[in-house]
Amino acid sequence: MHRVNKKMESIESEQIEVTESEPFLGPLDIVLLVILIAAAAWWLLKNKKSNNESNSARSYSIQPTTVNTMTMAENSFIKKLKASGRSLVVFYGSQTGTAEEFAGRLAKEGMRYQLKGMVADPEECDMEELLNLKTIDNSLAVFCLATYGEGDPTDNAMEFYEWIKNGDVDLTGLNYAVFGLGNKTYEHYNKVAIYVDKRLEELGATRVFECGLGDDDANIEDDFITWKDRFWPVVCDYFGIESTGEDILVRQYRLLEQPDVTPDRIYCGEVARLHSLQNQRPPFDAKNPYLAPIRINRELHKGGGRSCMHVEFDIEGSKMRYEAGDHLAMYAVNDSSLVERLGELCKADLDQVFSLINTDTESSKKHPFPCPTTYRTALTHYLEITAIPRTHILKELAEYCSDEKDKEFLRFLSSTTAEGKAKYQSWVQDATRNIVHILEDTPSCRPPIDHVCEILPRLQPRYYSISSSSKLYPQTVHITAVLVKYETATGRVNKGVATNFLAAQRPEGDPLPRVPIFIRKSQFRLPTKPEIPIIMIGPGTGLAPFRGFIQERDNCRREGQNVGDTILYFGCRKKAEDFLYEEELNEFVNKGSLQLRVAFSREQEKKVYVTHLLQEDSDKVWDVIGEKKGHVYICGDAKNMALDVRNILLNVIQTKGNLSESEAQQYLKKMEAQKRYSADVWS
């Protein structure tokens, strides 16, 4: 083909020269030209037919282009394992960073057991290569998988989950183990890990060790340590290998100080792309948030000493779209006084420019956060400095204690003994000590600031249920957030990162304060037909998504559509203090768009909650969910309220529907499957 084109180009150039010297082509020239064109056409058709036959013989296999080959090479964890002499790969499905952290710890510990490990993000890997992992001696795949939402895989594990769920591959020869991260207050506790563990076995893989289940409602750190301390001896036994001895603390990143980097190459809080917050361009998502102006930030509580904010973000021109029930994610920053204090304790120059570079050259993660940057920026924008440090952090901090007592104490806290675990629970978790508090209370511990930046987890976006309808507010997104601020057992005052950051963003002048946000889609959705009745149960800020639902259904009614019963069960402490959106809700009631049931828990001697009102209204509840096939929505506290509501609904289904206990359970499960029972809860 290439040669024919060159020949054609030559003919055309010759033709131009002839045209310039002679006014007309001769008969012989025309004949020759026609013959050459015909020959070229015949060659092309013959070649195309040959290619088609060749493709048919290959069963439609497509040969990768140069670009695809490069992508495959980058995504090939098998090639990376072989190139670096490793046999352990630890995949993570992580939404908040904990599963990724656990995966890193397992891969690092593999060195003690002659299993050099690598951490891998399934989203960035060709997971079909699991079929070829058996070609590596003593190979093992471990999956640290969090369950998110209503029993869903995390965003980065979604594709892998769908692949093993719907595929029918033969994974014979694959050795694997699974550790799950969940929360027992949620109904679908560790659903993803349990399913993956079972499904891998069904596909022929060999389970080397039992599935571990971590409970974030209790002490997930303890669950993980307990599991891995039993996991390693079984792995050694399975592969016939032995531990090399004591755990050696090895830095994962090396420090590179960069005082000469020009300011325009330094990250100042961007999530991924340099200057993305200055040069905004859609589409906006988790790696490219939109810097949204705050138009309104007003107080909703009327008294009582607590604070709840109604915040409106302007998204005009961003091309971002949302629906009632979706979530707004916000990137907050840490308190500047806490950042300064941590700098003091580590004797650091916070304005020093630096990079942390992964010592594992095969890793796709070159830096723990965007680099180069300053220590001030890293501690402000990229690191969770208010989080409760896990035991592996304390173990690494212990090495920087000049006083032997401090060193032994931190080692004791990070130990796996029953006494050490109990002390960690009381001294760290119950007292909610963050890294600043720990360094203040172990005065001889003075770690270098770069190591602190390495071991602290990444600062995660905070998610809020959107409390508006895009049908009424297409250019703004509303959220409802309670200010988190409390005194700890040590007498310190701890503040929630995001809500205290938000509280300071007051739109009182020009320019308006701006905050990086993005929209996360949800399955929490209104019925497609507005005539279907709904029951919403949302005490406190659980009201947030229902404000959007009510606005949307009121809009449908005003447009002349037939709208079913819209019933809200809301609870707060006192009407005069924390009755959120009281005037708005009463207006919807007066217009006939809403039936409102409110429980004021502290306005009488005996506390009354939304669950009490639900029990009183069992006939009405059954009419909606049983007779009219309506929808039920729950938003708020997962640990107590959501569980109590579920039990009440089961009782209503059983008694009013004349069903047995098991039949009532099946009825509720069917409602869930049909998206007629939905929960947006947190613990």
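Each Cβ is built from the backbone N, Cα and C atoms, and glycine gets one as well.
According to TrEMBL:
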BINDING   94-99, 146-149, 181-190, ASP216  FMN binding site
BINDING   ARG306, THR541, SER601, ARG602, LYS607, VAL608, TYR609, VAL610, THR611, ASP644  NADP(+) binding site
BINDING   ARG462, TYR463, TYR464, SER465, THR480, ALA481, VAL482, TYR486, GLY496, VAL497, ALA498, THR499, TRP682  FAD binding site
DOMAIN    88-232  domain 'Flavodoxin-like'
DOMAIN    287-527  domain 'FAD-binding FR-type'
TRANSMEM  24-45  transmembrane segment
Quiz item: Which ones are near VAL482 (FAD binding site): of the binding-site residues ALA146, ARG306, TYR609, which have a Cα within 10 Å?
Solution: ARG306
Quiz item: What whole-number distance in angstrom separates the two most remote CA atoms of the FAD-binding residues ARG462, TYR463, TYR464, SER465, THR480, ALA481, VAL482, TYR486, GLY496, VAL497, ALA498, THR499, TRP682?
Solution: 23
Quiz item: Looking only at the domain 'Flavodoxin-like' (88-232), what are its DSSP counts of helix, strand and coil residues?
Solution: 65 helix, 35 strand, 45 coil
Quiz item: Once the chains shown are all counted, how many other Cβ atoms turn up within 10 Å of the Cβ of TYR464 (FAD binding site)?
Solution: 23
Practice problem: Specify the count of other C-beta atoms within 10 Å of the C-beta of THR611 (NADP(+) binding site). | Solution: 20
Quiz item: Do you know offhand how many angstrom separate GLY97 (FMN binding site) and ALA498 (FAD binding site) by C-alpha?
Solution: 17
Quiz item: Mean pLDDT over the domain 'Flavodoxin-like' (88-232): what is the value?
Solution: 94
Quiz item: Reported as an integer number of Å, what is the Cα distance between ARG306 (NADP(+) binding site) and SER94 (FMN binding site)?
Solution: 33
Practice problem: Look at the binding-site residues ARG306, ARG462 and tell me which residue has the greatest number of other C-beta atoms within 10 angstroms of its C-beta. | Solution: ARG462
Practice problem: Sorry to bug you, but what's the C-alpha spacing from TRP682 (FAD binding site) to ASN183 (FMN binding site), rounded to the closest Å? | Solution: 10
Self-check item: Spatially closest candidate among THR480, SER601, TRP682, the listed binding-site residues, to TYR186 (FMN binding site) (Cα to Cα)
Solution: TRP682
Quiz item: So what sits near GLY149 (FMN binding site) in its own chain, CB-to-CB under 8 Å and at least six residues off in sequence?
Solution: SER522, GLN523
Quiz item: Rounded to a whole number, what is the top Cα to Cα distance in Å among the residues the record ties to NADP(+), namely ARG306, THR541, SER601, ARG602, LYS607, VAL608, TYR609, VAL610, THR611, ASP644?
Solution: 26
